[in-house]
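First comes the structure, then the notes that go with it.
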Amino acid sequence: MTNWSSKDSLKVYNVPYWGAGFFNINDAGHVTVAPDKSRPDAQIVLSDAIEQLRQSGLTTPVLLRFPDILKSRVDALFNAFGQAIEKSGYEGDYLCVYPIKVNQQRRVIETISQSYSDKPRLGLEAGSKPELLAVLSHHHEQGSVIVCNGYKDREYIRHALLGNLMGHKVYIVVEKPSELEMVLDESARLNIKPNIGVRAKLASTGSGMWESSGGSMSKFGLSASQILALIERLRGLGKLDCLQLLHFHLGSQIANIRDIQGGIRECGRFYAELRRLGANIEVVDVGGGLGVDYEGTRSQSHCSANYSLSEYANNVVWGIGDVCREFDLPHPTIISESGRALTAHHAVLVTNIIGAEGVEMNDISAPDDDAPTILQNMWKGWLDLRSEDPSLLEIFHDSVADLGDVNTQYTMGLLNLEQRAWAEMLHQNTCLALKELLNPVNRNHRALADELSEKLADKCFANFSLFQSLPDAWGIGQVFPVMPLAGLERPLTRRGILMDITCDSDGQVEHYVDGLGVESTLPMPVYGEHEECHVGFFLVGAYQEILGDLHNLFGDTHCAEVWLDDEGKMDIRNVVRGDTVDQLLRYVNIDPSVIRENYQRIVSHPALDDATRKALLDELELGLQGYAYLEDE
């Protein structure tokens with residue numbers, strides 16, 4: 001371990017694979033960010049950003065946004081599709097449409113919308129009335145594309161139609177049969193020609209956590225017979241020319257490229273058939289599904305993807321192009337709604353470790369000669385560990401069984417508290433000793449080695465709410481890369497489990513990227529008694545903010561944008577303070593003014609003097625105006 005360096009930590013945390021070239025660990029052991037791919041040497045030290053924010057009065061937890069990463073991801077997506085179009089000889093265009101449901105924060109939408117000079121090639125997608133109104137106000141350029149998905153009522157459809165009068169190109173995607181009649185009615189009433197799209201239910205579907213959002217059992221989309229009925233309805237009204245867009249969606253976070261290949265082939269057949277039936281389809285929207293490799297394993301795990309961005313683009317472009325060449329059809333504009341791939345990398349949640357409980361060897365002596373038999377048995381097992389060829393698995397099983405018997409006898413009143421405590425400490429010592437003796441390379445030892453690694457890991461209490469900031473980690477077991485921000489030039493000799501500050505046993509991180517796999521504990525260096533430890537949760541820019549809930553009334557964290565200036569230096573802008581206690585109380589209809597009145601009445605008790613009364617009221621006011629998370633005094 002004496003030759004350990006930051007390069008070793010890079011491998012342990014698998015940073016080169018999930019970091020997409022944005023994240024690194026420098027020689028001093030600090031995590032860095034290179035947000036602008038055109039300036040790879042311009043690096044930001046995350047610890048420096050946190051220190052600068054602290055000097056300005058902001059404590060952790062804080063969400064750091066890197067708008068330059070958003071721009072880099074937009075460029076990467078356009079470059080991948082541009083190269084695929086050029087290599088394949090595809091005659092249509094590519095249009096990137098950002099579905100704002102992935103992250104509706106105003107600054108995120110603005111950064112994405114403004115990040116490409118050729119604005120008509122970058123559109124927005126809405127899935128509800130509030131999202132549509134937001135999208136209509138964000139796009140200012142003539143001809144900006146807006147795709148309208150989701151369930152729709154007449155008001156939604158009217159807003160979409162009126163968007164065309166504002167100069168936008170608004171596609172209303174019919175996702176259930178009843179929507180067509182509403183579109184026809186409202187367009188006739190407003191005398192606005194609609195741009196209609198249709199979402200096809202494919203037989204193909206992606207595997208993984210979100211597979212139910214695609215395929216024939218999806219809650220959205222039209223079956224083959226329903227699409228035929230839609231075409232005949234439009235043909236009968238002389239409005240078949242309004243049907244301009246074909247849409248499908250395999251599901252979010254598609255891990256296996258073969259699922260994408262199958263979906264594209266099936267979509268291509270739908271395109272060919274719709275053209276054969278007279279529909280003037282100009283746009284094929286392949287939806288979302290472009291995966292993010294959260295683990296860095298390049299695998300078919302639901303938190304990974306076994307393909308690159310360029311491979312995805314090649315499969316989409318070549319797949320649609322092959323159908324067009326086979327049937328001599330015009331090459332449609334290709335739209336992808338790759339929101340997760342655009343936004344995931346740009347945000348990092350940073351928080352501090354407020355305390356830790358480690359598992360260490362206990363200094364205990366042999367039981368007295370007249371001690372109960374069960375304690376004598378446990379001590380014998382402990383001594384057996386020092387024999388020439390100990391049976392490690394048997395010793396562990398016996399120790400677990402003996403401890404169970406101790407707890408039973410304690411409950412029955414046969415053992416006292418001191419004896420129970422002695423047994424617990426001896427069992428802990430046995431586990432620690434076994435952990436050092438087990439060989440993980442030995443297949444027979446591997447399961448127990450993993451069990452003890454988790455059992456003996458440090459409990460690290462992190463100043464954040466898993467339910468607010470990483471809801472997918474709790475709800476669906478999503479893996480997010482996490483690592484300390486400093487000290488990584490030192491050997492990672494400890495294992496930890498991160499626990500949040502909510503009053504819920506589910507509030508802990510259960511999965512950690514470790515090498516080319518995922519483990520149940522986090523590798524960590526040893527920190528000094530007065531050395532502060534900050535940890536970063538990476539790739540949290542997609543879905544997490546909007547899905548977060550208010551468990552224990554922990555609300556939004558502080559947020560700040562971290563830019564690179566013209567000289568490649570860190571420039572922190574657009575700082576937004578997190579929710580205060582009084583704001584959170586209002587969310588659940590608790591009026592802070594009523595709390596103040598009740599406090600006034602309670603402290604008016606004659607037993608309290610004026611100074612004490614004032615101190616209590618001042619403390620209340622500080623609490624109401626303060627950050628919901630733990631703060632240093």
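Here the Cβ of each residue, glycine as well, is placed from N, Cα and C on the backbone.
Taken from Swiss-Prot, the feature substrate binding site covers Val284, Asp285, Val286, Gly287, Gly288, Gly289, Leu290, Gly291, Val292, Asp293, Tyr294. In the three-state DSSP assignment, the secondary structure recorded for Leu290 (substrate binding site) is strand.
The N6-(pyridoxal phosphate)lysine annotation in Swiss-Prot covers Lys101 and rests on sequence analysis. Lys101 (N6-(pyridoxal phosphate)lysine) has a Cβ environment of 19 other Cβ atoms inside 10 Å. Mapped onto three states, the DSSP output places Lys101 (N6-(pyridoxal phosphate)lysine) in helix.
It is 20 Å from the Cα atom of Tyr294 (substrate binding site) to that of Lys101 (N6-(pyridoxal phosphate)lysine). Calculated from their C-alpha atoms, the gap between Val286 (substrate binding site) and Lys101 (N6-(pyridoxal phosphate)lysine) amounts to 17 Å. Checking each of the binding-site residues Val284, Gly288, Leu290, Val292 against Lys101 (N6-(pyridoxal phosphate)lysine) by C-alpha distance, the shortest gap belongs to Gly288.
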